Amino acid sequence: MAPALSRSLGASSVAALRPTPSRGRGPTLRSAVAVQGRGAAAVAARGVRWEAGRRKGKGRMVGVRCEAAVTEKPAGEEEAAGEQFEYQAEVSRLLDLIVHSLYSHKEVFLRELVSNASDALDKLRFLSVTDSSVLSDGGELEIRIKPDPEAGTITITDTGIGMTKDELKDCLGTIAQSGTSKFLKALKENKDLGADNGLIGQFGVGFYSAFLVAEKVVVSTKSPKADKQYVWEAMADSSSYVIKEETDPEKMLTRGTQITLFLRDDDKYEFADPGRIQGLVKNYSQFVSFPIYTWQEKSRTVEKKKKKNRKKGEKKKKKKTITEKYWDWELANETKPIWMRNPKEVEKTEYNEFYKKAFNEFLDPLAYTHFTTEGEVEFRSVLYIPGMAPLSNEEIMNPKTKNIRLYVKRVFISDDFDGELFPRYLSFVKGVVDSNDLPLNVSREILQESRIVRIMRKRLVRKTFDMIQEIAEKEDKEDYKKFWESFGKFVKLGCIEDTGNHKRLAPLLRFYSSKNETDLISLDQYVENMPENQKAIYYIATDSLQSAKTAPFLEKLVQKDIEFWLRGTLFLFQVLYLIEPIDEVAIQNLQTYKEKKFVDISKEDLELGDEDEDKENESKQEYTLLCDWIKQQLGDKVAKVQISKRLSSSPCVLVSGKFGWSANMERLMKAQTLGDTSSLEFMRGRRIFEINPDHPIAKDLSAACKNEPESTEAKRAVELLYETALISSGYTPDSPAELGGKIYEMMTIALGGRWGRPEESEAATSESNVEVESSEGSATEVVEPSEVRPESDPWKD
């Protein structure tokens, strides 16, 4: 149960050390201090020695002597005289800093102690390779945890290597010295034992996490190397400890270590509960390689015994049963770490079963991948694509979904990450990552930012893309359809946030198009069906599929309905429909795909590749006067008026400039709760009014501007035409009520008298109605008898 070796005590611990003049030698805390001389390195640092002994007075101060080897200097060089001082440290304060400053959750004490027990069992197993006699004293290699709610204690017992009296002093009496680290060093020196191991401890402070919940800790241990069993005792607020020989026959161990925690009053209710202990073991130590048993209350059905004997001839009655409660050991870590096995030996059903148990899912995953990465960074991982999207909106695109569980040598470390291992757009991926050499802090709760973590993240993301691509390439497209319905928005978010992976993200995108309004198509399918003279990928962004299909920007493209028969293949000229709010931003971030630019057909200067320049010049000359006249009427509402290349049936359309927001983007930005209204005018694209020269309304207005440019009706028609174009182009009119009034007025003019409205009969009907109302108003009021009040009525006004 030796705690792990610390590379340093940390800033907070060193702050507790202060230099004072030397006052002799006594019980000391040997500090890990290195002194560097000229041209020579300091001697190796020693662990901090926590020994029995206290100084008189109120404060418990223990001396720390700093010893350093200094290289010999050449003859004739004088040594500068100096006064020697010793460091002083208050051990109780040092322990308090180590325990309460390293760990953010009290519950991790069980993880640390179980990890130490696992290390003790591993050490015994390694030593048994060369010396089988170390296994002769005890039974199976296992860990047992017994909480006692009545006594307020937790007892953790392992059948590992145990400790001698000297090892107790070195491992438990020396803060930040790891027996596991020493053992690993010995393994590396002895190559016969091999370098592959599952030892967990490395810092030497894990044992002291017991003081997070315990006011007193008692360690009883028996080593195969010693004939005697020793007991180590310490209080949480003490600077000393006691080691004594075990003399009670009932407490004797055959081999191993037993730790008893006497819980604080505030922690007895929580951590002495057997169910709570079972849950902590399953969470943190579920995949430890040795069996972990916990003391649990169980129930069973037994037959109720009867004292009276049944008489002869009496019918046999049904047996009565009762539920009986009892206590017994229960295996807490049944699930095996599937990622430690060879992928070729694991069946699909085993992967699915592990996924459901580990992540509390009820559906099978859409896909999974199991891989081992070797080289600069070594780790094992199993990743899953869930069968459905999260039900809670809070889990959508949340980097802290706790879907990735990080293990170090099969011991759970954390699932609380903020983008260290996976980007936000892949937060839906679930899985486990296990590595032997992750850069953790001393508490083993925080993953430090480093080059190793960045390499791990890169490889995990790449494996995830490969897994998604395999779903997309399946012959059965239903699986990818399910994936896209659940996680399509995540992929589009990746196009915005991860520019480095555009080449992997773009082939995964799916959209509706003008030729596929019911089935989604990929960008690869779009490019394959492009005619040779099409130089760009066209798209339109709206709020719905119906709006996209009926948008005026599509008229010329749909009317052309270009179907090129080239080399016996049908090529389709089509437009992508971007109907989700995130679509337009995602496409704008991609910019190109396979050297084809994305072009918004709702913006100016649309080039279709089949323009007739002579016809265009004729139209411009013929309608130049009309364009100038309409611009004069509309003023600053539009940047300019021009002849349209995209219209066939609509009289006009309002397009946005190249570098501003489209109508769809302007609508989205206005809807933002925390949007900046001051930026709306700045970012709003300039509006260009395009007219269709072949439409009758354009021809009538052209005649009006030539023959009667000051006509009130013609000017009102231009205003109505502009506001109607606002709506059909996806913009929002400034005053919808005013626009409605203009439409009603135009309808009245258009419909008035067309079918011979019977105005006289209507007037007569209205007059007769007035007479009836007046006669009804003058009729005598009839009062019911029940409502007649006598003169003596006290409620009479």
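FYI, residue positions are counted from 1 along the chain as it appears here.
Placed from the backbone N, Cα and C atoms, the Cβ positions cover glycine too.
What you are looking at is a predicted structure, and each value in this text was computed from that prediction instead of being measured.
Per TrEMBL, the stretch carrying the note region 'Disordered' among 583-625, 755-797 is 755-797. Residues 1-28 are the range that TrEMBL records as region 'Disordered', among 1-28, 169-196, 393-420, 449-476.
The number of other CB atoms found within 10 A of the CB of Thr257 (ATP binding site), across every protein chain shown, is 26. Cβ neighbour count within 10 Å across all protein chains ranks Asp158 highest among the binding-site residues Glu112, Asp158.
For the domain 'Histidine kinase/HSP90-like ATPase' (105-267), the model gives a mean pLDDT of 81.
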